[in-house]
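Beneath this line is the structure, given in structure tokens, with notes to follow.
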């Protein structure tokens, strides 16, 4: 009876399957992959358990978007161009255990963004542009065990930011720009076992914040510019694996790990260590990895060597000097061989002075709310005409959104030396006066979105030298305010999206030497001068989608050796000539050329590009062929939807190449008429092409198939373990 009921329900559901989707009613799966959906379909079968919406264009997930599918357990929204999660976007999904929002454009997480997901176990937010997380954003996720925030734009973690995650076991924060951690940032994570903080900007080991993690067993801190590990710097009672590889370590104090008694594995590879002292107190160590360090095997290394021999610690590493011992492994040395033929004066590092804590007994301004636990002040939407004063001196986040201030006067925020994040969105601001931010010595984030600013002067930022994130989206700028950034040496991210900027000229970005991410989408840019981007030699992301460029700004891309992402989507570029991306070919990984009306691409347009390219977006264009991309061996994403390919013998190499990819590319024939709408890989027009039989016989011979296709498939599947919808269909 239950089986018949299920079949009946499935039959009912089948009639409601949205047109661009595929519904598997027996397994309760719905796939709407790489399409042109701009809103969540409202006809998805109610009993759907797994919903895969990858590769669409939603921009915003509105409140209650999934109320019609309350039985969902898995939801995949990767690469959907999502920029905002409205409060209550996922309400009604009380059964959801897996949510993937990777590779979108989400910048902020508010307190109610993830409301209702009380059964969620895995949340993937990798590859967005999240700059800030407000305390309480994860407060409803009481079942979450894995939180992935890799490859975002985080600089600062406030106290109690992960409050509510009582069963979280793995927190992934790799590949951000973190350099400030609140002392209580990890205080609410009693079940955490693994913390990944590698590939950030931490200059010192954040011992105070890490001391709250009594149960953590693995800590990844590699690829941070940490130069010294001080005395008793790490007090983690359960820590067994510590990774400090590829940092800038020059010295480690003898008792640095004395308060981490369970430490077994210590990875110090690829640092600047000439030696180590005996690591007193680390009696449980089994292995120390020192490969890639300039080890000086003189008499000064004898104490460490004797200690490791006595403690039976396996040390990996080889001598760099003296010449007689160069290349010898540490384990093969004998004490008499380590002579003092030359001096090795160890550095005398001093731990950075502790910053005095700033507490304040001042009251909160009338009509506002101040949280002493979060160091958070808020006067949002109180119809205030002037910026209030007298906030507690230890305030770190100040939310003044939606008040009609109109101007920000000089010295508007007195006494707030610890303020890190300032929100002034939708405040009708027309003028930011010189000295407006004076005294905000710790300010990292400044949000001025949705105001009426048309110009800025550099003096407005006087006294805020730590500012790293400046958001000026949705204002009235007609040009980049030249010279504004010369007082901002730490500026990392600049948002000037959805203004009215018409061109970029030389000098616009003067002073922005450390800029990594530049967002200029939705302007009216027609021209970029060859030297306009010259000051930004560290630029990694350049987003120019939705402008009026008629050609790729090749000359302006010269001198950007680290550019990894370039977005040119929705520009009226009709033709693409030779070698247009050659200046950034050695670093480019993600290239967006979709929705441009492209009619022709030169066979040599992609000269220089190759294995480094991980994603290429060419959907919704008008060309009938594309250049040879057989050397794009690192591709993880290729989108060729809505391109009218002419499926004749000239397209045969592309067809063969697509057949070898284990990717869903969406390529369909636009002509000739007899195959219009068919997938390129299924087109019958290639059957009569000269040499097709011999080539395909060679390609499908057992040996060559194993060599050419099988490793490719293995590589694709290995990149996304346990991610729900990990295997795609070409």
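Backbone N, Cα and C atoms are what each Cβ position is placed from, and that goes for glycine too.
Taken from TrEMBL as is:
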| type | residues | note |
| --- | --- | --- |
| DOMAIN | 16-50 | domain 'LRRNT' |
| DOMAIN | 293-341 | domain 'LRRCT' |
| DOMAIN | 363-397 | domain 'LRRNT' |
| DOMAIN | 644-690 | domain 'LRRCT' |
| REGION | 689-730 | region 'Disordered' |
Chain residues in Cβ proximity to the domain 'LRRNT' (363-397) (below 8 Å; excluding those fewer than six residues from its ends, i.e. six or more beyond): 134-136, 158-160, 182, 357, 403-406, 408-409, 412-421, 423, 442
Non-local residues, at least 6 beyond the ends, that sit with Cβ under 8 Å of the domain 'LRRNT' (16-50): 9-10, 56-59, 61-62, 65-66, 68-75, 619-620, 639, 641-642, 664, 666, 724-725, 728
Tally of residues which DSSP labels helix, strand or coil - the domain 'LRRNT' (16-50): 0 helix, 7 strand, 28 coil
Residues of the domain 'LRRCT' (644-690) by DSSP state, where helix covers H, G and I: 23 helix, 8 strand, 16 coil
The domain 'LRRCT' (644-690) [mean pLDDT, rounded to integer]: 84
DSSP-assigned states of the domain 'LRRCT' (293-341) in counts, ordered helix, strand, coil: 21 helix, 10 strand, 18 coil
